[in-house]
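The next block holds one structure in the form of structure tokens; read it before the comments.
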Amino acid sequence: MELLKLNRSVQGPGPGSGSSLCRPGVSLLNSSSAGNLSCDPPRIRGTGTRELEMAIRITLYAVIFLMSVGGNVLIIVVLGLSRRLRTVTNAFLLSLAVSDLLLAVACMPFTLLPNLMGTFIFGTVICKAISYLMGVSVSVSTLNLVAIALERYSAICRPLQARVWQTRSHAARVILATWLLSGLLMVPYPVYTMVQPVGPRVLQCMHRWPSARVQQTWSVLLLLLLFFIPGVVIAVAYGLISRELYLGLHFDGENDSETQSRARNQGGLPGGAAPGPVHQNGGCRPVTSVAGEDSDGCCVQLPRSRLEMTTLTTPTPGPVPGPRPNQAKLLAKKRVVRMLLVIVLLFFLCWLPVYSVNTWRAFDGPGAQRALSGAPISFIHLLSYVSACVNPLVYCFMHRRFRQACLDTCARCCPRPPRARPQPLPDEDPPTPSIASLSRLSYTTISTLGPG
């Protein structure tokens, strides 16, 4: 098969193993940190098959590229302009959008064009830049997802400690640290990336590792640092968050039932107050709470003076109170956590095949090449780019405030012209004033004239 033939021609002499950046069959992170640019000579396959494959590939690349650029630019604009969305969590989502936009703009065109031209024409500088920027983008996205998970865990499960440091300035420092750490981690990519000839007038952007052992060590290191360890941290954090939210909703449900029963029988605390849990350092103990005082799923203890006033106050009969504001805030937090979980799952689903293929190729290159050449590796390649365009779709479908902010931003950028009031036709009678307008007119006339 042509992929295996080309892979053999790329290896070259010497102790180092070469990983091509110009091939759909080459690992994304071991090659360009993601980009294999197909440099197949047109004579390798039949003309009809190659043209059909290229048409499908161009269409998919174009759709993913437009969705990635348009969606992430929209996220950056909306989060930047909307004051209501300037929260700590959204600051990390903004950084995530920037990294996805970097992945789309800096890597996708330089992956597709060599596919069409059959050779890499952009030179060594662009070759090294593609490799480095894609690695940085993937690393930043992973670290941002870890930071979001830890921030949500602190806000929901450790609210008292989180209030000390959970600020936008602290989030900005964490985001800066993720970008710097990712930049340092991906330094080996530009060092071992180069453009080499693999045939007559055919160039490839590829990696030349010093030895096979170095390539294997690098693959395992990335698998641990950017996949397994972040995956475990995120899973544990969201597991604890889900447990805390479930306990908060469960306690609120019990308190609401007790409050309604007390209001029907002998009356109870006004405003839906009921014995509830207060979370301290992850634990819960029953105290009296007031609805809506805390938005992190943790009830706040009622001061003694208010308890005394509550005891002396006789409740007035009225309708059974509805859902408490505190429960509504817990439900809102649950929706946000659900959205973040979807983002994390989609990211790891898109990149799991890439990491698996990279590790497989590092330890068994010929076997991986035989099994994945052709359509499978092309699908894996495109799947990694899909991760850059799914987040805007998730926000639009699962984030009500983001949808409203998008509408507000569009209305601000494209204001509608004022509507002119329809004029009555010549043969139409003038509109008859309503009873309410007549009453206002009479009242205005009497008030203006004053007493007679």
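Each residue, glycine too, has its Cβ placed from N, Cα and C.
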From the disulfide entries in Swiss-Prot, identify which of Cys127, Cys284 pairs with Cys205.
Cys127
Restricting attention to the topological domain 'Extracellular' (190-219), give the mean pLDDT.
90
With a cut-off of 8 Å between Cβ atoms, can you find at least three pairs linking the transmembrane segment (58-79) to the transmembrane segment (379-399)? Only pairs 6 or more residues apart in sequence count.
yes
Go through 88-109, 220-242, 379-399 and flag the stretch with the largest number of C-beta pairs under 8 Å relative to the transmembrane segment (132-150).
88-109
Please work out the helix, strand and coil residue numbers for the topological domain 'Extracellular' (110-131) from the DSSP assignment.
17 helix, 0 strand, 5 coil
